[in-house]
Structures are given as C-alpha cells and as structure tokens.
C-alpha cells in the first residue's frame, strides 16, 4: 500500500501532494487536483425521511459526499445508519426527501433504478454471495446479465478484481468452502467488477470472526487509497480514524455530528457522541459511570 | 425377564438412600417386557395370516408363471413405456404451470394472488379421478370440434399437469421463499431487474431446495397415471394398470395385476431411494 500508482488521484490523502505533471497522466487528473471540498458531490442527500409504519427511522438527513471521499457512518444500533445507506441505492424507498448519485436523482419515480444501481456497488454484512455459483461465476454472471459483457471481457474483469482482493487462487471454489473474510472479499470484488463510481458498505466486518476482520479492512483501505468514493457503516473505530475523510455520527434518525475523524472520534462536541464512543471503547467503565449518574439523578432522565 | 441382579444393591453408606422398589418392575425390565410383547404380537399376526390364507389358490390366481411369461415383453415395451411417457408429459406440464402459479402467488398484483390461491385450493381439493373425467367428457362437450393436441397423450398430460401444478405451485413457492432475502437484495444492488434476479439467482437456488419434494411429486404422478383408464384409450395407448386389467379379464386370472404392480415398484422404489439420498445430502449441506 506504500507505493500505490493511483495515489496521485487523491492528493488530499497524502501529506505532500505529488508532482502535478505525474497526476496529469491519470484519466481523472483534472478532478484529482481539486481539493475534496470543492469537488462536485457524488452523493447528495436532502431532507431524507424514512418510516416503517409508525416507526420513524430517518428524520431529515442532509449529507453530501464528494467524489473520492471516504465517509464512515457510526452510531448505536437502531440509529438509522443502515437504513440511510440502503436508501442511497433505493433498497429502501424513502418516505420523503431526495437522493442524488452522480447527478442522477435516485428517488425520482421515473428514473431507471437498475441503471443507477449498476454504478453503485454494495457490500452487505452477510456477504450475500450466490451460493449456487463458483467465485468466478459470482463475478461474471452479473457482468454478463446486467452489463451484457461478452464472456471474455467478463472473465477478464473477474480475474482482475479477484487479484485485487488477493483471492485469485479461489476462483473455482464455491462460497461455502471459503471463510467469512474470504467471502466478504469476493463480495467486494463482485461489486468492483461492475465498475461502480460509488461503494456502499453495510457493516462489512460485523459478521466476521475478529481474526478475519483485518483482511477485509485492508481491501477497503486499498480502495480508499485508489480514490473510490465510499460510504461505510461500521463499528470499526480504528478503521474510521485511519481511513475516513469524514465521520458522521447518527443517533435517533438524525445526524448529530459530522466532521473529520480527529474531531468526531477524538474530540466529540456532543454528549450523545461521547456517550456512544465511551460505551464502544470501554463498555465496562461506561456501565459504571452510567450507574453512578443514575444514582445522582435518582434514575430520572 | 426377571433378573435379580438388576435390582439396585442396597448400600448403607450412601448419603442418598436409594429406596429399592418393593413391588413392580425396574425400568429396564419394563422396557424389555414391552419389546418382547411387541415381537410376540408381530410373530403371532404373521403366523395367523400364513395359516389362514389359502396359499395354493392364491398362487393359482396371482402367480401363474405361464401367464406372466405371456406378458413379456409387451408389459415393458408398451405398458411401462406408456406409463413413463404419461408421467413425464404430465410432470412437464405441471412444472411449467406450477411455476407460473407460484410466481402469481408471490405477485404484488392482488388479482394474480387470488387467482393462484383459488386454483390451488380447487385442484388440491378435487380427486384426480374427477379431473380426468372432466377433461375426457366436459372439455369435448364444451368446445365441440376442438381436439386437445396430442390426442390421449395430450389429455393425460393436461389432466395430470392440472393436478400436479396445484401441488407443485405450493412447493415452488415455499422453495422461493426459503431463499434468503439477502440474495434478492444482492442481485438488485448489482443492477438485476426483479425478473432477471428471479430467473438467474432465486429460482436456481429454490430448485435445489425443492428437488426432493418435486421427485416425490413425480412418484405420485407415476401412480396417478393409472387414471388414464377413465379416458378410454386404444390398445396402443394402454399403460400398466389398464394393460394388467385387460389381460386379467381375458385370461380370467389376476397374475397380470401382480406383474403390473411389480413394474410400478420397479420405478417407484429406486426413485424413493434417490429422494432419500438427496434429502440426506441437503441435510449435510446445511451443517
């Protein structure tokens, strides 16, 4: 990961921007020299609401994610972060509000959602590989059926992306014979083979044994370094701190805090964020403090 | 049965004084006795049947080698072949129709769901025999001049298919619903349309799940093909049951019925074995 040839696309990530002439060689060079803030947003979310029956899960979300930006969404379970992610590619239909991806309004009822989804890769907590297909077929079938690529082209993209996630030797295996971490890397490769502009990750490491988390995070870090626009719902604070350009903290269906990882994780401005982080990082101490607070206030909120 | 060593030995030193049962049997003795009685009843029943039956007459009526010999090879080349043909054509129609009805049942369009539900309730609730009579009598009456394509074969395929479709639709629906929701979500997130995701991703997985019950349905259809009897068939269209019965009446002997029965078992027993193998394999795959 030290000498990445595509690193020139996102100089904002490296401390010293590289030689601009070198970055001109890459196809996205014009965008690459712009800083994150001024780039046009790849994902735009405006006043997004989502209810399941009487249960209001999202209560007005506004969020912009620039091209090449990596945004980690954190928050307690039930805060609506997964629902927010699923609204971006319309796996959940918002009750109100708008979502734009790459300038196309996803929430427009007349939009061809299948065409939009081709440009949005998604990685699920439960991997969701197709168990009746081999690893290679998992990568080639969507390309052939959805993108209408011919056999050779699909096979080439499959091989390239398996190589990227370091699983070329598993090409002929069935998903059930792979570890959870390997399955998740195949799932990432499957999404990448479609050539997405944006990648969504829905708690990609939550279903993994702790010793398998690292490999998946390494692949995600590589993608971030290559300049992929990423929206990641995660509980991995170390990953968020190291890789994310921005961290968004959600609670109760609203965005409570939005800023650099150093600010949101290192020095949270809101009590709710502090409370969440302390519970996540040191559950035992949080428990003691909670009980002491309740003792002081007599148990009332 | 009564083994004195089976009684717990009295141990005065034990802190928990096990009270030796004063009367009645120990658990082990009861279990032994129960099993012994079951064996005794079984042996007695078999013996009574063997003694009571008139074996000579039975053999004369059902197992005359000379008559059985006369049935070959026609019972295989004609009767069994027709039975298989009827079954396979009925299964094919049933599978196709069952798939359509299963998808209608899962449709988001209300009337489709209702229609599929009504179909399933009606055709599962009616005896297959009535449906055969309906196809044989009512359809020609209602649409005079029209012939069901394929003659008798077409009629049988239709009648068996109509019955099988109702059962298969429910099986297929259950199989589709047994595929995890994440599979559809993954397919949709890759840009598959709902129909394409169903065809490429969901249905292939559903069929793995329902292969054993579908094979069972094939066995049922194989037996139900005997109802062809009620359609009126030519000599060349006879299947096992009809063939056996015809021969039984011309020879005034029931041996052909027995031979026909054995021919059914020749197919159903191996199929049943295959189903159990598939179920065991599916069970293993889950682990």
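Backbone N, Cα and C define each Cβ position, glycine as well.
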Range annotated as transmembrane segment in TrEMBL, from B:148-169, B:214-235: B:148-169
Of B:118-142, B:148-169, B:257-275, whichever stretch has the most CB pairs under 8 A to the transmembrane segment (B:84-106): B:148-169
Spatial neighbours of the transmembrane segment (B:148-169) far in sequence, C-beta under 8 Å, 6+ residues away: 85-87, 89-99, 101-102, 105, 116, 119-120, 122-124, 126, 128, 131-132, 134-136, 139, 214, 217, 220-221, 224-225, 227-228, 231, 233-234, 237
